[in-house]
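Let me begin by presenting the structure, written as structure tokens, before commenting on it.
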Amino acid sequence: MARNKIALIGSGMIGGTLAHLAGLKELGDVVLFDIAEGTPQGKGLDIAESSPVDGFDAKFTGANDYAAIEGADVVIVTAGVPRKPGMSRDDLLGINLKVMEQVGAGIKKYAPEAFVICITNPLDAMVWALQKFSGLPAHKVVGMAGVLDSARFRYFLSEEFNVSVEDVTVFVLGGHGDSMVPLARYSTVAGIPLPDLVKMGWTSQDKLDKIIQRTRDGGAEIVGLLKTGSAFYAPAASAIQMAESYLKDKKRVLPVAAQLSGQYGVKDMYVGVPTVIGANGVERIIEIDLDKDEKAQFDKSVASVAGLCEACIGIAPSLK
């Protein structure tokens, strides 16, 4: 049986980590693509040389030509400029939109059957543009946002409660940015909703509010500490979880940036929502009831994403 083929567009810190994780999890053969000559080849060779030690069999190919991604089953896009201290995700819009146009053309030509995961920021606008540039069906193009945001929220809560991260489940909706909406009443520890844990004295509402804000600022916190780049371990792990659910038809319920067609009152935009990811890509979008305050927060988040999409159209009118 032929191995799956995973194409990584962008061979920076996230791309290299993605390649290593794909090898460790034995998801398939990996093509690292980058416009910088030598970078994908060097990282691919380095990871391949670790395979005898880590005990996995996979082929790693570095390339500077999109032809190398031909026939890929999964394409994960990290290409673009990363955040620097003081930058918001939105500051990257103009530069990375041009990158998405080139990437979209490459995918359209060489990997039109692939399941595409976009990581490039500002995420919700970039995945929206990438789907349009590539022409791929919307259920086969998603953005990595909610899995990462949820992971951060889960980790911060596990620290607060001094429990295993495995016993914490959370719910994060909306855009991947300052306006994301972590939903406390749909988030639990061992099945106990967070508001009940506040009543039980496990934490205070003030502490919970601070954790929610820290989740919103999670990416910026790491950018501020690293100073020369942005997060890469957790984003890569999050995208690999999505790819694995698709390749193995696991049908995981994962929060991703998916194109909505009326759910939550939104049409033709990519927004973070819970989905079922299986062999057909986005197989279901789960729509939950929101109270008045949650709906207001969600609508604010959607409006922020809509503004970014309008800005994209201003730069590239063909997206309209």
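Heads up, the Cβ atoms here are built off N, Cα and C, so glycines get one too.
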Problem set entry | Site co-member for NAD(+) according to Swiss-Prot, given GLY10, SER11, GLY12, MET13, ILE14, GLY15, ASN96, ILE119, THR120, ASN121, out of ASP29, ASP34, ASP73 | ASP34
Problem set entry | Residue pair ILE119 (NAD(+) binding site), ARG152 (substrate binding site) - Cα distance, angstrom, rounded | 16
Exercise. Three states by DSSP: which one describes ARG83 (substrate binding site)?
Worked result: coil
Seminar exercise, completed: One should report the C-alpha separation between ILE14 (NAD(+) binding site) and ARG83 (substrate binding site), rounded to whole angstrom, as 13
Problem set entry | Largest tally of Cβ atoms lying within 10 Å of a Cβ, found at which of the recorded positions ARG83, HIS176 | HIS176
